[in-house]
Amino acid sequence: YKRCHKKGGHCFPKEKICTPPSSDFGKMDCRWKWKCCKKGSVN
């Protein structure tokens, strides 16, 4: 979040990013991350 502001970007609501498990027995690894855009971005 702060890192995004240092670059002069705009921060948006968090987005859930999921990565498949390394094994068939594992669950999906999901974590919330800030969705950031560069300064001057339309979204």
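We number each residue from 1, going along the chain as drawn.
Glycine is treated like the rest: Cβ placed from N, Cα and C.
The disulfide bond annotation in Swiss-Prot covers CYS4-CYS36 (among others) and rests on similarity to another entry.
Annotation note: CYS30 (disulfide bond) sits in a strand segment as assigned by DSSP. The feature disulfide bond is assigned by Swiss-Prot to CYS11-CYS30 (among others).
The annotation disulfide bond is assigned in Swiss-Prot to CYS18-CYS37 (among others). Cβ neighbours within 10 Å of CYS18 (disulfide bond), excluding its own Cβ and spanning all shown chains: 10. When secondary structure is read from DSSP and collapsed to three states, CYS18 (disulfide bond) falls in the strand class.
Within the same chain, the residues at least 6 positions away from CYS30 (disulfide bond) whose Cβ sits under 8 Å from its Cβ are LYS16, ILE17, CYS18, THR19, listed in sequence order.
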